[in-house]
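Report on one structure; see the data block that follows.
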């Protein structure tokens, strides 16, 4: 009878603590990390914030979110005390820690950890092998779509300038540049084959020199990118797992310095894992941050080893990266509570209910959604690459200068003719424009006039 009373009293006390915890406003500590917790104006958003909102509805508590003061997840410092979010929970400065906290034995001794809300492991991040998706039109890959369109516009614009110069400049009376001939001359110059006759006027030579310079640097830029792409594809190494990574000697690899990933390889009994650790120690190929590892992987010839969840996020953000299918050292992310907290069981039950209802999978797909298609679509609307913008600008200035010189040549010619014929310069200019653009038969007539003047 006495034992029954004790059990009932303990249950009543436990329910009272739960109700008190649910009614009070809980202090939630978290850390800024994409996509778990991110700032959006004055509010916070992300996977953890959505998960916190759903868990609070099921358990029934109010909360106030605060960022961890020292910006750390939590480990034992030199003085033997916990820092970061784990330290705030241990010292009673926070009631819950909502973040991607890895469930470890050391943390389980210091705080209470719920059932994992996300599983992760260790995997490999690589630059995507472009030869796998190489199409029949891969020779167009050095330039994006907008660059090719800009090149076509530049070609037609130069041909139009050649056509206009042949009619405006008095020095081009012998060169009958029709529309077809102007396009043919421009295309011939683009392929470095040439197609005469060449312009004789100063304005025509300025336009031709501008187009030749543009063509020379454009082709050099094109073949440099194409050669670099082909060489990188031929020297690519196929890595499908950690054994392939350890056996090859061409690609460098590394992980985050001082991370739990490095500790896993250091303490592993597997010969493959030991070889990987010894290579990283010998070559000192560690990275200081996740961003550095992703950047080196994008540059090529480097494999970044890290947690699969973080690598999946990098793949979703960068279309030229891929993660291997092999995942080792599985672990979980959990919510941290003070030891003996009455909420830990209800929090675990809420996480399991969200998992069974598919809510966790929905949140994962929401915040890890791939933006590759959006990036590819937006990439086609951009202008020419930064290395070619100056080249297109130089060509535009050359074409503009050539047209200006052609107009000045025509005005000078009309003034001379007006003085000889004692007519107004404007009337001579209008007459010359009508004569030059009406029909091509008028050009031989002008040639005869010029020959008479010379005689």
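Cβ atoms are placed via backbone N, Cα and C, with glycine included.
Annotation comment: TrEMBL describes 1-21 as signal peptide.
Residues or ranges marked as domain 'Ionotropic glutamate receptor L-glutamate and glycine-binding' by TrEMBL: 35-91. Residues belonging to the domain 'Ionotropic glutamate receptor L-glutamate and glycine-binding' (35-91) score a mean pLDDT of 91 in the model.
The L-glutamate binding site annotation in TrEMBL covers 100, 102, 107, 260, 261, 307. Taken residue by residue with DSSP, residue 260 (L-glutamate binding site) is part of a helix. Using a 10 Å radius centred on the Cβ of residue 260 (L-glutamate binding site) and all shown protein chains, the other Cβ atoms total 16.
Look at TrEMBL and you will find 319-372 tagged as disulfide bond. Using a 10 Å Cβ-Cβ cutoff, residue 319 (disulfide bond) registers 16 neighbours.
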>> Can you tell me how many other Cβ atoms are located within 10 Å of the Cβ belonging to residue 307 (L-glutamate binding site)?
In response: 24
> Closest to residue 319 (disulfide bond): which of the binding-site residues 100, 260, 307, going by Cα position?
Replying inline: 307
> If you count other Cβ atoms within 10 Å of each one's Cβ, which of the binding-site residues 102, 261 has the most?
Replying inline: 261
>> Which secondary structure state does DSSP assign to residue 307 (L-glutamate binding site), in the simple three-class scheme?
In response: strand
>> List every residue in the same chain as residue 107 (L-glutamate binding site), at least 6 positions away in sequence, whose Cβ is under 8 Å from its Cβ.
In response: 74, 86, 101, 113, 336
> Which ones in the same chain are close to residue 100 (L-glutamate binding site), with CB under 8 Å and 6+ residues apart in sequence?
Replying inline: 33, 36, 48, 118, 120, 309, 333
> Using DSSP and three states only, what is residue 102 (L-glutamate binding site)?
Replying inline: strand
